[in-house]
Amino acid sequence: MAAPDSPSAALRRHDLCSRGIRLAGKMRSDVVDLLDTYVERQGLDASASVAAVEGVPAAAAERWDEQTGTQRLLENLVAYRTFRALLAQMLEEHREQLGEADAALGQALAAILLQVSAFAYHLEELLRLESSGPPSEEGAGPSPPLHLSLFERKLRGLGVLRELAQWAVRSARDLRQLAKPGLGSSSAPSLAESP
Amino acid sequence: DSHIQYERVGADVTMKCGSMDWDAAVTWTANGTDIDESHLNGSYLILKNVDLTQSGQYSCYEGSSWHLKYQTYLRVGTPPKEPVLMCRSNNYPKGFYCSWHLPTPTYIPNSFNISVIHGTREMVCEKDVFPKNRCHIRYLQLFSTVKYKVTLTVTNALGKDSTTLTFDEFAIVKPDPPESVVAKPVPNNPRRLEVSWQNPSSWPDPESFPLKFFLRYRPLILDQWQHVELSDGTSHTITDAYAGKEYIIQVAAKDNDIGTWSDWSVAVHATPWTEEPKHLTTEAQVTETTSASTSSFMPPPTTKICDKGAVVGSGAVAVCWTAGLVLAAYGVLFI
């Protein structure tokens, strides 16, 4: 494996970051479209405020600009592995609930799941370029299914998609930070103070 | 004893001459001018249905000694109406600012109090020195789905009112317009104009938070704009300009992923390059003419109405003129 700072590793990192940024942008756009469909099909109010949902990784970050590259990758990877499991669960529940009655929504969910998986793969590849490598998947994924009513499951699904949309924006920013020239994985960028 | 007294427009005001008895002989003045006795009830000064012009200094003097017994500064005004509040982030991801104003003046001093709540956390909005109806907040968290709730209360001596704004982090992101917009003709290209600009200086990190741009341009003689959206870069070449016509050009900016478009930049003007006319010589004189913007409009013989092949730049999207619009433009030019 190439050393983390070798030219080939830098090129590979840049390539993975560029593709990851594009994937994050497409993912966000598709999740936002899916949110509109989901709200409508599930009979929810688009302005409904969903409190922090247990087991859903929150995109909110304090001192985001002070994170190192490795911290960014690890937080992203944990989040997207969790989303992968959450979306698989949502897809399963959707099929049980509606069968083939709403194939479009099921297909849209499946497409997002695919993108989330692809993005997780990108993150794993980026971490392999760092000396640490990606963590194992033991213990990753959501907690055992809660006994939620149908309405609670719908609200939870809304929370999952909303948080995923935030993550997609954050991930593009994280990868742009990572792609900045001269920044190693262990150094944190400093945002110049502006008046 | 000097006081300030605030009263509403239209109110009836009664002023007592300090501790003087009702039947004491007194003289009242307004801004140094004696007030007619018809406004007095005993030693009390009665002002009915006060208006703004009656603001001023009112003094009461004891009848015979002319000792000043009481003085007050009357300020006539109105209680505040619901203030207008706006919040915006033009320096994302550093923070945002909120600014406010009253829809109508109160004519008396007002104080403003602003509270910002994010989830359960109360944040401090630091007031700017200038302008004074503005405060700013640094983001403690980014990428949060929790909304911000900003409440502004305006208070004066006659009453108070408030307004509340609720928004999420992404919704208020609006950069300042692009700066240093420059448009230049391209030598030997009568239909091109080269436009360049810079990111607004208030946008702190364009590398991690890149901006996309919207360019609009039109010849001065026409009203309809043509638009081009550019997903990267800070320059663009217009390739379908009318030869010899002065153009007006503006650019706007938006974060690539979130928020809304900036206002349009300052407008710049440019005219495409035109070929100098050939010299005409006669036996009597040699006349030299220079190319000028007053030259008549003569389209190149191979001009197409919509040259799709002329679209350049990655991510550029061109909007083509319709045939009818071009013919209408020709008609206008030859009137």
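Cβ from N, Cα, C; glycine included.
Sequence annotations record features per position, and here TrEMBL assigns domain 'Ig-like' to B:10-60.
When DSSP labels each residue, the domain 'Fibronectin type-III' (B:177-277) comes out as 0 helix, 48 strand, 53 coil, counted as helix, strand and coil in that order. The domain 'Fibronectin type-III' annotation in TrEMBL covers B:177-277.
Here TrEMBL flags B:310-333 as transmembrane segment.
The DSSP breakdown of the domain 'Ig-like' (B:10-60) into helical (H, G, I), extended (E, B) and coil residues amounts to 6 helix, 21 strand, 24 coil.
As a whole-number mean, the pLDDT of the domain 'Fibronectin type-III' (B:177-277) in this prediction is 96.
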